[in-house]
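Listed in TrEMBL for this protein:
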- 7-61: domain 'HTH cro/C1-type' (DOMAIN)
- 87-103: transmembrane segment (TRANSMEM)
- 109-130: transmembrane segment (TRANSMEM)
- 142-161: transmembrane segment (TRANSMEM)
- 181-201: transmembrane segment (TRANSMEM)
Amino acid sequence: MKLSEKLKQGRQRARLTQVEVAESLHVSRKTISGWENGRGAPDRAILVQLSQLYQVPIAVLIDDDQELDLSEAALQKAARRRRLTQLSYWLMVPLLGLAYAEFFRLNGFHLPIVMVLAVVNSCVYLSLFSDWGRFSSVRRRLIAITTTLIIFIFNLLIIGLDKRFLKFFTAESPSYLAGVIFGHLADVVFLTVMLMSLIFLKPRSVEPKKKDH
């Protein structure tokens, strides 16, 4: 099977339009159409991004002797993965709110299992997310990095205003104080990652918006 055919079938299997793929790779829709019709081919870096976006091994894309698995089982597996990715993403919304409430004990709220569930769900989501090609542009990466630093610093400042946290500095044991600081920093990093995932890693809709050729 030719690369052009695999690219088209891979996109259709992922239920993405040419416009959505073009936006993810920061190229024109005409470029995607050209690749799928044998007019030119993406370079190695773009192929890696396409393999992640279509959830197809890179070796399958570049080897003409390997067929793209379009069996019903493969399609159902891909569909389940997309649904799980969507579910995990939207679960992060309430879990992030509860995690902040737990972290700052808002109105006396204290439910340690919330942080555990939030960590597990975030790990699941990051393992399922494959559309890293959206960060192929330097501008997009700089925006993500800058926003991450701002949110991280903001979370640190909030901790500095937390009277409950400041009381820990009166502890007589240096090792206990070090443990508290490390634990709070770990929570800040985790909360920042969750919020950044919600902002920058939203999965694309699995339903095609329009039919294209």
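Using the three backbone atoms N, Cα and C, a Cβ is placed for every residue, glycine included.
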Which one of these stretches, 87-103, 109-130, 181-201, has the most C-beta pairs shorter than 8 Å to the transmembrane segment (142-161)? 181-201
Given the transmembrane segment (181-201), its same-chain partners at Cβ distance under 8 Å and 6+ residues beyond its ends are 89, 92-93, 95-96, 99-100, 103, 115, 118-119, 122, 125-126, 129, 131, 134, 144, 147-148, 151-152, 155-156, 159, 165, 168
State the mean pLDDT for the domain 'HTH cro/C1-type' (7-61). 86
